[in-house]
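Visitor: Shown below is the structure under consideration.
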Amino acid sequence: MVDWELMKKIIESPGVSGYEHLGIRDLVVDILKDVADEVKIDKLGNVIAHFKGSAPKVMVAAHMDKIGLMVNHIDKDGYLRVVPIGGVLPETLIAQKIRFFTEKGERYGVVGVLPPHLRREAKDQGGKIDWDSIIVDVGASSREEAEEMGFRIGTIGEFAPNFTRLSEHRFATPYLDDRICLYAMIEAARQLGEHEADIYIVASVQEEIGLRGARVASFAIDPEVGIAMDVTFAKQPNDKGKIVPELGKGPVMDVGPNINPKLRQFADEVAKKYEIPLQVEPSPRPTGTDANVMQINREGVATAVLSIPIRYMHSQVELADARDVDNTIKLAKALLEELKPMDFTP
C-alpha cells in the first residue's frame with residue numbers, strides 16, 4: 001500500500017524547474033541517504049543515489065521539477081504579471097491560488113476573474129484566455145507594498161497545494177507530474193532487496209524545460225540501461241478515444257523507437273512473473289520523457305519508460321489511482337532486483 005503521508009509530502013514540496021533547491025531536493029536527499037550507499041548532488045542539482053552492484057549499470061530517473069510561474073511585472077496598484085516556466089496553460093490559473101517563494105518567505109496570491117454580474121458586453125462573456133488575461137492579486141494596494149511583502153521581478157510561484165482524496169483509491173492534486181513517479185521511484189529504492197545490477201536512482205531537474213537534468217546525469221553515469229519514470233495520459237472525458245491507458249489498470253510501458261525491445265520484453269516477463277498488471281502505450285516517436293535523452297547518451301543506452309496514468313495533466317486537479325501507484329512501485333522494485341547482464345542489442 002502507498003504511504004499517503006510521504007506521497008503527499010513529496011508532491012507538495014516546492015521545486016519549480018531550476019528552483020528544485022527550494023525544497024524537494026533536500027527532502028529527496030534526506031530520504032535516500034538512509035538506504036543508498038552514496039548520495040550526491042551534481043552541479044545542475046540532480047540528486048543521484050548509488051546502490052552498488054556489479055552489472056548491468058542502470059539509471060532510473062524521475063524528474064523532481066514542477067511547472068510554475070515567474071513574476072515579470074509589478075504594476076502601480078500592486079498586481080503581478082507572470083510568465084510560465086514549462087507547459088502552464090493560462091486558462092488553468094483562472095480563479096486559482098498561487099504559492100510564491102519571496103525574499104520574506106512563502107506568500108499566496110489569487111488570479112482574479114470578472115464576476116458574471118459585470119459581464120455586459122459580448123467580449124466579456126468568455127473567449128480565449130491568454131497570458132495578458134492573467135493578473136495575480138497578492139493583497140497589496142501598491143507596487144511599494146508588494147515589494148515590501150517580498151515580491152520582486154523574478155519571484156517564483158507554483159500552484160497552491162490542494163491534495164484531495166476523492167474515493168478509496170483515487171485522489172486529485174497539482175503536480176502528480178512528476179512527483180507521483182518520484183515517490184514511486186523512491187519507495188521502490190527504499191524497499192529494494194538483493195540485486196545484481198549497479199543501480200543509480202536519479203531525481204532529475206529541469207525536465208519540464210527540456211530534459212536538461214537527465215542529459216547531464218546520464219553522461220556522468222554512462223549507464224547501459226536507462227528507465228524513465230514519468231506520468232502518462234489516462235482516458236478522460238472528451239479525449240475522443242485517442243488515449244489508451246486507463247486508471248486502475250496498472251502501470252504503463254511504452255512501445256516504440258524510444259524503447260529498447262529486449263528491455264521491453266524483459267519488463268513484460270517480470271510483470272507476468274510477479275502478476276503485476278502492465279498496460280501498453282504506443283509511442284511512434286521519441287517520448288517527452290527523460291528516456292529521450294538517455295537513449296542517445298554517448299554510445300547509446302537501452303531505455304524504457306515506466307509510467308503512472310493520470311487525468312487532467314498540467315492542471316491543479318491531476319487525478320490518479322493509488323492502485324496504479326502501488327503496482328508501479330512493485331514493478332520498479334522487481335525490475336531492479338531481476339535485472340541481470342544481457343545483450344540489449346536490438
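Cβ from N, Cα, C; glycine included.
Got these off Swiss-Prot a minute ago, pasting:
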- H63, D177, D230: Zn(2+) 1 binding site (BINDING)
- D177, E208, H314: Zn(2+) 2 binding site (BINDING)
- E207: active site, proton acceptor (ACT_SITE)
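Could you give the neighbours, burial and distances for every feature on this list?
Guide: DSSP assigns D177 (Zn(2+) 1 binding site) to a helical segment in the three-state reduction.
DSSP classifies H314 (Zn(2+) 2 binding site) as coil under the three-state reduction. Taking a C-beta cut-off of under 8 angstroms and a sequence separation of 6 or more, H314 (Zn(2+) 2 binding site) has the following same-chain neighbours: I67, G87, V88, L89, T92, D177.
The secondary structure of E207 (active site, proton acceptor), as reduced to three states from DSSP, is helical.
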Visitor: Across all the protein chains here, work out how many other Cβ atoms are within 10 Å of the Cβ of D177 (Zn(2+) 1 binding site).
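Guide: Taking all protein chains shown, D177 (Zn(2+) 1 binding site) has 26 Cβ neighbours within 10 Å.
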Visitor: Highest Cβ count within 10 Å among the recorded positions E207, E208, D230: which residue is it?
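Guide: Selected residue: E207.
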Visitor: Neighbours of the Zn(2+) 1 site H63, D177, D230: Cβ within 8 Å of the Cβ centroid, same chain, sequence order.
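Guide: For the Zn(2+) 1 site the neighbour list reads A62, D178, C181, L182, E207, E208, M229, V231, T289, D290.
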